[in-house]
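Per TrEMBL, the features are as follows:
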- 230-397: domain 'Helicase ATP-binding' (DOMAIN)
- 459, 462, 499, 502: Zn(2+) 1 binding site (BINDING)
- 468, 471, 486, 489: Zn(2+) 2 binding site (BINDING)
- 494-653: domain 'Helicase C-terminal' (DOMAIN)
């Protein structure tokens, strides 16, 4: 067989799906005669590698075989998987280089995991077709001697001559299996296998909705987007839509997509995972019907595979999805939209590459000559800086639809509440506002970015908090299950009666989470209907949608939740938003803490007063004078940007510098510390030209049983930095590791350095 393949004269370059050291290269394989002349660049193949069979991507022909290597044959094509478009293969190569990853790791982003592992295939079902010229005569003849066969044939004629086996059995009963067998033997029916789409919307009906009349601001914004769409790609600018909450950004996206469809091109719309609510998806389906595919984590493996196939086969022209949808297998992309572009969830953390969908989208738009449109009420500082410096075209929507006012925001100083003797988690102002809202039969949202009942349990004798045995973080108390849980690794433990460190029984529950807020509400308002939305209450498929539907149907008066309630919710009945504690994100040891707090408070405040009745917002804090909170209270992004950009420039933080975050981790702390020092030496002696900060223990010094040390690299040119880091490590040839058990993770342009 090998000789036959060699006689065909074809050699193939294949990127193999393996990420071990030394495998970030193309491997040469023999092309078997069965595939000679049939391979297309971008095609997925199966290849022998070591003692295993792995998936690989055929990149193109190889000119000559490597010397001294016994070549192996490609085993075959991956079934049901069409070739990947060439621009996406280029995008994977760019992603690997930009984020210091391997090419095979980046290629994994182009194919659903289940398809790569062959865990899911196209679903086929048995289908019957009627094969009789004169059905009525045959049914009449069979009615006396074989009534069930007559019933079967009459049924097949009634449903149009074709039906799925499962439907026939459901309609006529399991006992019809015998008559089916006879009908097949006699040739009255033929059987075949047909593909069946696993439709995530099979049980949902959405009424078509005509587009609303645009406001003058929206008309002007759409005109700007239209100008960029028709401009030659070389002169086209990405568009940043800075629109206050409730200003109609989503309608702008829908209009832009309609323009692109008229041009015969495809559109990708990225939405943060927590904003991919049924509400959001229904808006797209109401406008574009079945021309919309959806990609997100709540889909089953089969649904995700079938949606991916619809996109690749060109059966739809619009994809709405979370971060990974930026790699949707479209050809002819004309528009990429990123809604809530500031969202941290657009950054991949693990597995590598740790890409940011915003940056990947910009590169894909460049490769395919598409327009990139970014939208947010609170743009990332990097994005707004690019707009201020003329790289992006800035489009502003400064008013809500129908000129509804932005809700007034009241900052409540919780230190004053304590001085007044109020030790409740609710301030007097918030309780008074709740009283008025509930009396008026209006709805409220209470936001706290901590789940659980208490945030930690502390010993009053030794001052220690009860920590996770695997992570250097305090365990959170959950009242419902009466246990302590780690929100990083999932470890659980019973609540101790004495301190594990000193044996004292002076244990005290401190802090509040969403579970505690829910219970306190039910204590204050026994007859009020409360729902909680956080990770704990939305684990089950469909739970997220069910809670939102109850709230939309006014079956819930107060919705309590974490940051998943801050995005994409449009409920006209909500007139009060309460931020139970704004300081949770403000006190994080991270240079983006102020930006994240401003964004969270502004976004959640935007849920109030979106209907006919005005809204209001109560923000509880121990730092009411903080600049980020003051700016959020005034809905003043420009004030916040001016303050924060000055701070970033003084300290040489993004957007004035790029960063690379290196984290060394392992179970042996001494080996981790030694490796961190070795990494510093490799970079310093290897010619890295940027600034090296560290090594030091990471803020989360222990996670999932592993100690963590980190270094932060800074410099003006991220591509140059990445190339230098790669060269330094290549020259060191793995000698930087103090132990084989120690691992290194690389995050280019991190959104967090915890």
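Glycine is no exception: its Cβ is also placed from the backbone N, Cα and C atoms.
Nobody curates TrEMBL annotations by hand; they come from automatic prediction.
Structure with TrEMBL features highlighted.
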| residue | record | Cβ neighbours (10 Å) |
| --- | --- | --- |
| 459 | Zn(2+) 1 binding site | 21 |
| 468 | Zn(2+) 2 binding site | 24 |
| 471 | Zn(2+) 2 binding site | 21 |
| 486 | Zn(2+) 2 binding site | 20 |
| 499 | Zn(2+) 1 binding site | 20 |
| 502 | Zn(2+) 1 binding site | 12 |
Quick one: pull the CA-CA distance for residue 502 (Zn(2+) 1 binding site) versus residue 468 (Zn(2+) 2 binding site), whole Å only.
-> 16
Measure from the Cα of residue 499 (Zn(2+) 1 binding site) to the Cα of every one of the binding-site residues 468, 471, 486, then give the nearest.
-> 468
Please report the DSSP secondary structure of residue 459 (Zn(2+) 1 binding site), reduced to three states.
-> strand
Rounded to a whole number of Å, the separation of the Cα atoms of residue 486 (Zn(2+) 2 binding site) and residue 459 (Zn(2+) 1 binding site) comes to 18
Cα of residue 468 (Zn(2+) 2 binding site) to Cα of residue 459 (Zn(2+) 1 binding site), in Å and rounded, measures 15
Nearest-integer angstrom distance between the alpha carbons (Cα) of residue 459 (Zn(2+) 1 binding site) and residue 471 (Zn(2+) 2 binding site) = 19
